[in-house]
Each structure stands twice: as C-alpha cells, then as structure tokens.
Amino acid sequence: MFILKNAMRNIVRAKGRSILIGIIITIIALSVCIGLCIRQSAASSKESALSDMTITAQISMDRDKAMSKSSSSSGSISKSKLKSAMKNSSLSLTQLKKYAKASAVKSFYYTLSASVDASGSLEAYSTSSSSNSSSTSSSNSDSKAPSGMTTGDFTITGYSSDEAMTDFVDGTCKIKSGKMFDEGTSAMVCVISSDLAKYNDLSVGDYIKVANPNKSSETYKLKIVGIYKNSQSSTQANMGDPGQQTDPANEIYTSYNTLKKITDTSASKYSSSSTTAISGNLNGTYVVGTVANYKKFKTQVSDLGLSSKYTVSSTDIESYERSAEPLENLSKFAGYFLIVILLVGAIILVVMNIFSTRERKYEIGVLSAIGMKKSKIAKLFMSEIMIIALVAVVIGGTIGTVASVPVTNALLSSQITQSQTKSNDMQQSFGRDNNGAGPSQPSDNSSSSSSNSSGSSSSSASGNSDSNKGAVSNYISSVSNSVNIIVLLELLGSCILLAIIAGMVSVISIMR
C-alpha cells in the first residue's frame, strides 16, 4: 500500500511526464485495439459464414499431378500422355455412389449435362443478329468437326433429384407456368426458360426438337411440361452476347434418366471409337454440411479407395474465400501493423524511461539514503508506469471499441475498391469490358455450374477457378461487431507487456 500511495503521489507531482507517457500508451492501445478488432472480425466472419453454409464437395481430376506425371526429365509435357490421362479420368456413377457411402456425407446428388443443337423450327435465344444464321448453318451440316465434337446451341442438363436443382432450391429459377417434371422420370419431357419460350412462341404442352451437334439428322423430341424464369438472364444480358450455349436462357432442364436415355441412344448409333455421339458430362456433388465434415470426407474417400490422381474440392469454400479476400488482406495488414506499433511503442517507452530514470537519480539517492531498499524503489517506479498504462488502456480500449467497426468498414471498403479497380484494369489490359456485369455470387449452389463444361469427367478438374480471375466478386463489404473478451484481454496483455519492458529499464538502473 505504501508503494501504491507513493506511486500515485509521484504521478500527480510529475504531471507533464505522466501525461506524455499516458498519451503515448493511449495511442498504442487505440491502434492495437483496432488492429486486434480487424483480425477478430476476419476470424469471426469466416467462422460465422462457413457455419451458416451448407458445404458441398466434388471429386475431380488433379490436373497438376496429371501434368507432373506427363512431364519428361527435361520438363517438357508429353501431350499424348496428358490426353490419355485426362481421357481415362472419368468416374462412373457407380464409383461416385461408392464415395457417397462415407459417413461424412449427408446426401448425394448428381447431374448429367450435354450440348445439343436446335432442330426444326426451334431457334436458340440470342441478342446477336448474326448468331442465328451461324447456328442454322451448323445445324444443317452433317459433317463432323475436326475434333469430332461440336458445341451446340443449348446446354441440356439432367438432374438426379429435386435437391440437385440448386438454382430452383435457392430461388434463382422459378417455374412460371406448368410444373416441374417428376423426380427420376424417364419420360421425354423438359422445362425451358421463359426467354426461350417467348423467343420461339412456345407454351406448356408444345414439343421441341434438339439435334446431335455432330449429326443434325439425329434428333430427339421433348415435351415442354414447365416454363421457368431465370433471374440471372437479365444480368447476363447486360454483359453483351456471351454465346448462345452459355446464355442462361438456352438452358434446358430434364431428369437424369431422360438425358441418359438420349446419350445411350446416341451412343448405340455409332461405333465405340466414334466421338460423333452426344457426349454427357457427369458431375457428382456430396453434401457434407460443415467444414469439419468436409475435412473428414477428404480422408474417408481415400480410405474408400480413391486414387491419388483425384482431388476433393469445395466450390462453396472457394467462393467464400474469394468473397473474403479483401477482409483477409486487411487482416494480414493489421497483423503487420500490430507488430510495427508494438515495436515502435516499446522503443519510444524504453527511451523515455531511460531519460526519466536519469533525471530522477537524485530522488533514487534520497530514497536509498533514508533506508529504502533498492527492490522497493524498483517496485515504486514499476508501479508508476503500470498505473499509467492501466488508465491509458481503459481510455484507448474504450475509444478503440467504439471506433473499430467504422474504421474496419472504411478500410474494408478501400480494399474492395482496390480489388475491383485491379480487376477492371486487368480486364481492360486484355481488351475486355465488364459492361456492368453483375458480381459472381458465392453461394452454396455454385457446384452445379461445373456441369456445363464439355468433355467427359466426373467433375470439373481442379484449377478451373482460374476462369474467375478478373471477375468482380460479391465481396464481404462490412462487419457489425468485432470486439469480444479475447480482444480486450489481448489488448490488456499487450500494453501491460510494453509497460513491463519499459519499466525494466528503471529496475535495471536502480538495481545496479
């Protein structure tokens, strides 16, 4: 008690020195509080977002490993080996179902997609005046493309269940008239977009004809049982003409069994070595729910016999990571900022204490002369800076708590602007224009988009996220709360540590 009373008396007596040290520690506390809050915001945001998401996983060919195995000792890639590896990388439905038995999997669904041409009076929806003529000319040709595979006007997708129709589950698409086809049906029925229906003057109950892109005389007749509205169609229109097949208006939906019947019928018309038949692209999606289950699933599929040439990925996690990129960058910056602030703060306080102790040599001598032990004098000096530090932490922490959210959001907004500017500059460098393109939405259902890729594989190969480079993302743009007991304890600990380091200068000087 004697030491505390004298420490308080010394602080009040030397107001100028005490206020100066208090201001420095307050500024340090304020800066540390904001830095810790930014890091806590990033961690809390990630934890909250991932816990609210229904995580899905996909199994895909590991392109990096395939390319590595196809490389010679000189480093050049053998194209024939790579093509052979990619060609034989397809996982069958039986194999995909095998891995669905993993305990981490809550449910499993799959899609089959194929590219088909318009036939008869049907025309693909397009905003380009030149595309219709080119489409017609390609449809009237029975010759194969040089590669043996031609991209058609439409993407037709067959779904295994209602759960697989993620665009309808999340509300992106809604049935406008008619109804959805029954789950598991093999009937030659489909649903089409309202844009395509209006463009061709079609209604529920009408029939459409689609053709093999490589053989226009090979046609299939589908009955329209429903017409859906795609909310992304208007967004896509703002991007200019993206190409008929990639336009959401030209997506035809049916059941997996129906499309499988079409691809099997097409395959039966040609030899096994021919690539003229309609080729289907099979995609399996495993609903695991949580990040913990996703990690378990990656281990369990290996135990179930999945080859090392395949990799497990999650488009949901990848989408979140893209959306959280500015916040993560800000968190890293805050980490470096904390280190600099603590180092600079420690140096300033140490230097100030060195000069302060020198100025108080007479006081130290008097206290020693009246019989006070050096250890007590050291405790007195340490108590002074600790009391100042505690008061400064309370003031700095209070201001930091109030200011942390608006400061974090302002810095985050700056990071997002910087990321978007960088993206736009890159697009312009390539001679492209975003044309008001909407953001790419990270969602639980982004896995379904991989079913539109051409070729035959179990899912899109890893590394396809490169296609998103330069695209504007739906970034996390704000945080609501970033202070908790952990942040306050870290703040208190950091400032007390600085006070101890600075106080040790006085202790060492006194104890010599």
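The backbone N, Cα and C atoms fix where each Cβ goes, and this holds for glycine too.
TrEMBL annotations: computationally assigned, not manually curated.
The compositional bias 'Low complexity' annotation in TrEMBL covers 68-79 (among others).
Residues annotated as compositional bias 'Low complexity' in TrEMBL: 127-141 (among others).
Feature annotation from TrEMBL assigns compositional bias 'Polar residues' to 418-442.
Taken from TrEMBL, the feature compositional bias 'Low complexity' applies to 443-467 (among others).
Summarising the annotation, TrEMBL assigns domain 'MacB-like periplasmic core' to 74-263. Confidence across the domain 'MacB-like periplasmic core' (74-263), taken as the mean pLDDT and rounded to a whole number, stands at 81.
Annotation source TrEMBL lists domain 'ABC3 transporter permease C-terminal' at 337-415.
Annotation source TrEMBL lists region 'Disordered' at 62-81 (among others).
According to TrEMBL, the region 'Disordered' annotation covers 127-149 (among others).
The region 'Disordered' annotation in TrEMBL covers 418-467 (among others).
Summarising the annotation, TrEMBL assigns transmembrane segment to 333-356 (among others).
Residues or ranges marked as transmembrane segment by TrEMBL: 377-403 (among others).
Look at TrEMBL and you will find 485-511 (among others) tagged as transmembrane segment.
Residues 3-4, 6-8, 10-11, 18, 21-23, 25-34, 37, 349, 353, 357, 364, 367-368, 483, 488, 491-492, 495-496, 498-500, 502-503, 506-507, 510-511 of the same chain sit 6 or more residues outside the transmembrane segment (377-403) yet have a Cβ under 8 Å from a Cβ within it. In terms of DSSP secondary structure, the domain 'ABC3 transporter permease C-terminal' (337-415) contains 74 helix, 0 strand, 5 coil.
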